[in-house]
Amino acid sequence: MKEFYMKRAIELAEKAVGFVNPDPLVGVVLVKDNRVIGEGYHKEYGAPSAIEEMLSTIKEDIYGSELYINLEPEFDIIVNSGIKKLYIGMLNPDKTKSNIEKFISSGIEVNVGILKEECEELNEIYKHYTLFKTPFVFTKWAMTLDGKLATKTGDSKWISGEESLRFVHHLRQRVAAIMVGENTVRQDNPMLTTRLEGVQISNPLRVILSKYGDISPEANVLKVDSDTKTLIISSINIPEDKEKFLVNKGVQLIKIKEKNNRIEFKDIVKALGEMKIDSLYIEGGSSVLASAFESGIVNKVYAAIAPKIIGGKDAITPVGGIGIERMKDAIVLKNVKHEIVGNDVIFKGYI
Ligand SMILES: NC(=O)c1ccc[n+]([C@@H]2O[C@H](COP(=O)([O-])OP(=O)(O)OC[C@H]3O[C@@H](n4cnc5c(N)ncnc54)[C@H](OP(=O)(O)O)[C@@H]3O)[C@@H](O)[C@H]2O)c1
């Protein structure tokens, strides 16, 4: 039953995906005499905690009850509540703020680590942002069976199947920001919005890497409103007229000093972290992905492999750049999992 209740807490927490960043996703289930007497979740950034949410709906006496929660709770709200047992999925990522010892010395029984792996993955963004104050970065690309990101003409619509495309929108819903390079804007003219049916939508901030602001006035990413915002990352040497044009379009601009003609991704994630952006999904293309991997800021990789073959030595591959010389220097993913989605296989793993 312990796993069952924790699974339910995770399920509740997931209802707020896209709305809590940079807060954690938290769900709670309160059990007394083998009966669920309360449930709750943290609904949006700055809103009451999952426990407060749940307590506000319970009418009966909770003395002696057991709380299932995916992330270690605050001390004060538990200590005088009457809750006698805590089942915690994962500890506070900031060890200096952990309350476990305090719970135990207050006579509250504590069990840590139920469905730990699932709980850690649920809040991997929160954990990373808490520890480093920079966004958790993941990449996702779709490639053909012969390892291409697009045809030799740059056409990539669509490599993956419909089911994998839906998977992309779930990723977009989860993150605070999504990034592509200016060639992708030129070639695909993407909206970079979240499109899912049956759920409330949360659009990520669209981040475009464009050294000198060469973006067409017709680009969809320049259509900005209160729900779909855009941030351009450019060089400090962006021409004045381009800067003026973009700012007039309503986009935000961050200018970063180039190093060896490149904008360093470490500077980009630092700037985004200062804006309270806790997660960045880099969707492509090949050149931007190469820069991201070269700078060492990528934490997680998703790659969809579609059963299509397009050939062409000039057709780009997912990670461009100069590349390494020896296999021993390859980036090797950890905790690799794969899932069949429609006819595609989606790999995921950590760096
Ligand atoms: N299948 C998929 O999942 C997928 C996803 C996205 C895009 N795509 C495809 O990918 C293609 C576009 O890829 P791409 O490689 O040509 O372009 P891109 O990565 O979208 O954009 C490249 C631009 O970003 C700049 N850039 C990259 N790293 C930089 C850095 N560190 N500092 C400053 N500027 C930097 C490049 O400058 P430099 O020229 O100076 O390097 C270039 O101007 C399109 O065909 C698109 O359809 C496919």
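Any Cβ shown, glycine's included, is placed from N, Cα and C.
A TrEMBL annotation is a machine prediction, not a hand-curated record.
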Check: In TrEMBL, the substrate site includes Ser156, Arg172, Leu192. Which of Glu60, Glu283, Glu294 does it also list there?
Finding: Glu283
Check: What's the CA to CA span in angstrom from Arg195 (NADP(+) binding site) over to Glu283 (substrate binding site)?
Finding: 16
Note to self: Using a 10 Å radius around its CB, how many other CB atoms surround Leu192 (substrate binding site)?
What the structure shows: 24
Notebook entry, point to check: Which residues does Arg172 (substrate binding site) neighbour through Cβ under 8 Å, counting only same-chain ones at least six apart?
Noted result: Ile178, Leu192, Thr193, Thr194, Asn203, Pro204, Tyr281
Check: DSSP helix, strand and coil counts for the domain 'CMP/dCMP-type deaminase' (3-90)?
Finding: 23 helix, 25 strand, 40 coil
Check: Which binding-site residues from the list Ser156, Arg172, Leu192, Arg195, Ala290 come close to ligand 1, meaning a Cβ under 6 Å from one of its atoms?
Finding: Ser156
Notebook entry, point to check: So of Ala142, Val288, Ala290, which of the binding-site residues has the fewest other Cβ atoms within 10 Å around its own Cβ?
Noted result: Ala290
Margin query: Using the alpha carbons only, what distance in Å do you get between Val288 (NADP(+) binding site) and Ser156 (substrate binding site) once rounded?
Written below: 16
